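Here Swiss-Prot flags 131-569 as domain 'Urease'. Sequence annotations record features per position, and here Swiss-Prot assigns Ni(2+) 1 binding site to His136, His138, Lys219, Asp362 based on sequence analysis. Residues or ranges marked as N6-carboxylysine by Swiss-Prot: Lys219. Residues or ranges marked as Ni(2+) 2 binding site by Swiss-Prot: Lys219, His248, His274. Look at Swiss-Prot and you will find His221 tagged as substrate binding site. Look at Swiss-Prot and you will find His322 tagged as active site, proton donor, backed by sequence analysis.
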Amino acid sequence: MKKISRKEYASMYGPTTGDKVRLGDTDLIAEVEHDYTIYGEELKFGGGKTLREGMSQSNNPSKEELDLIITNALIVDYTGIYKADIGIKDGKIAGIGKGGNKDMQDGVKNNLSVGPATEALAGEGLIVTAGGIDTHIHFISPQQIPTAFASGVTTMIGGGTGPADGTNATTITPGRRNLKFMLRAAEEYSMNFGFLAKGNVSNDASLADQIEAGAIGFKIHEDWGTTPSAINHALDVADKYDVQVAIHTDTLNEAGCVEDTMAAIAGRTMHTFHTEGAGGGHAPDIIKVAGEHNILPASTNPTIPFTVNTEAEHMDMLMVCHHLDKSIKEDVQFADSRIRPQTIAAEDTLHDMGIFSITSSDSQAMGRVGEVITRTWQTADKNKKEFGRLKEEKGDNDNFRIKRYLSKYTINPAIAHGISEYVGSVEVGKVADLVLWSPAFFGVKPNMIIKGGFIALSQMGDANASIPTPQPVYYREMFAHHGKAKYDANITFVSQAAYDKGIKEELGLERQVLPVKNCRNITKKDMQFNDTTAHIEVNSETYHVFVDGKEVTSKPANKVSLAQLFSIF
């Protein structure tokens, strides 16, 4: 049998077991844990290659044959870092493993059968991840949606109605009429959506009406009054309807301190936004809730990674987002109370420890909607450079750290909001919302985004050129974005109650509509690779953060990876 070098093999079929791949210009090294393709039986499309009739393609049509096969992909997922063919059928991942012609090749299962109806996409040399999920969206402008999509985010969860002051400050779509408006507006876009209703209501009937109108949960925000009563009522109704509650706590400690909020939560599950506190929350010690078993703690991306510029840029952002006035002393003091370098410095470290479980944007409201994925990987790289390899690593790679950080914007937000049955990972049975990356541009610029099994966005050259690659090459919407195809490729998530009442038919929605599930019986221990609980304290005078009695901090970076080098053109 003829043998070829690993270098030759990787150039033809992509990396195999034991090969290592650097992510962008970071120090993060992914090692291929397993290769499910079979040596000598690899799929390869093109002239003189194997993916053709009578060879790796069956001549016999069958009900199992795939709509699309992605060949030789390097899958980076919370489930593992491995090489496989990915089969897609009816908009879902039908199989992961060895694809091809089961009549001619060993190891091909029915769910990876290539037949006359199968399209091919060459995944060799590319990384495939699940689409990102951003759970902290202020729906201020619809232009956020293509921006997020081009970064690799395929699901947006949040609230708002446009550039109203309520939406500029809070991620809330309040009331039945506003929810109807946003659910109908969502029909236009290549993106999955879920909308959060106003939880600042001490009236169960008003809360319930919003869930039955299609909201997937509540947001409680201090600008609407985050009182213990509102917290208790929102959680009571959430428990009844099996939806999540997200919270931005009381920075000014007007209605109580962090201990009062935790008492009102009373051990029930809660998704805490920007849990460090610069984005809002009990000053100076909201960060301590991140260690609790019933809290699903998230960061927003303005504070990660911690850099020499982080503190300076926050003041102006905060004044605009929360309708404050620099000429009013109390407004300035309010802003100052939220911007604490000591707790921001601790945030990066808490991410590396797996105490913070989720990353999100806080779009146009102190956060950048197109940078969730980039900043998550910048934080991972900054922490490796500062603290070295994690103790959990096995072998000469960063696979554990990679899975930890990937989970923060994929599977964990999906679990938190009850959509992990559908999205959030590269697993059989889930919707084929996939992002394809060149390793050199990983975390910054996707090559292509597949939405519901079809290509929705891709880097594409001049449409008048003789081949697809001539300049100018930039992101262009593909066929899955157009016509009625976009209804098949995208999902609007609603509550089970709204789904059962026929909200899709009531509002005349044409997209897929699916119910959220299993939001209330989860805890921190369900957060993949980010389930660490701990006792966290904050010194009320110095703002230094202590985890189980030991101070945690990090240094501000003066240079980060995945930055200007990738944005020259």
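Glycine is treated like the rest: Cβ placed from N, Cα and C.
Where Swiss-Prot records a feature, it is marked here on the structure.
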residue	record	contacts (Cβ under 8 Å, 6+ apart)
His136	Ni(2+) 1 binding site	Ile157, Gly158, Thr171, Ala246, Phe273, His274, Ala298, Thr300, Ser360, Ser361, Asp362, Ser363, Gly367
His138	Ni(2+) 1 binding site	Gly158, Gly159, Gly160, Thr167, Asn168, Ala169, Thr170, Thr171, Asp362, Ser363, Gln364, Ala365
Lys219	Ni(2+) 1 binding site	Gly158, Gly159, Thr170, Thr171, Ile172, Leu196, Ala197, Lys198, Gly199, Val245, Ala246, Ile247, His248
His221	substrate binding site	Ala169, Thr170, Thr171, Ile172, Asn200, Ile247, His248, Gly280
Additional residues surrounding Ni(2+) 2, by Cβ distance to the Lys219, His248, His274 centre under 8 Å: His136, Thr170, Thr171, Ile220, His221, Ala246, Ile247, Thr249, Thr272, Phe273, Gly279, Gly280, Gly281
Ni(2+) 1 site shell beyond His136, His138, Lys219, Asp362, criterion: Cβ within 8 Å of Cβ centroid: Ile137, Gly158, Gly159, Thr170, Thr171, His248, Phe273, Thr300, Ser360, Ser361, Ser363, Ala365, Gly367
His274 (Ni(2+) 2 binding site): secondary structure state under DSSP, collapsed to three categories: coil
Cβ neighbour count within 10 Å of Asp362 (Ni(2+) 1 binding site): 29
Lys219 (Ni(2+) 1 binding site) - helix vs strand vs coil (DSSP): strand
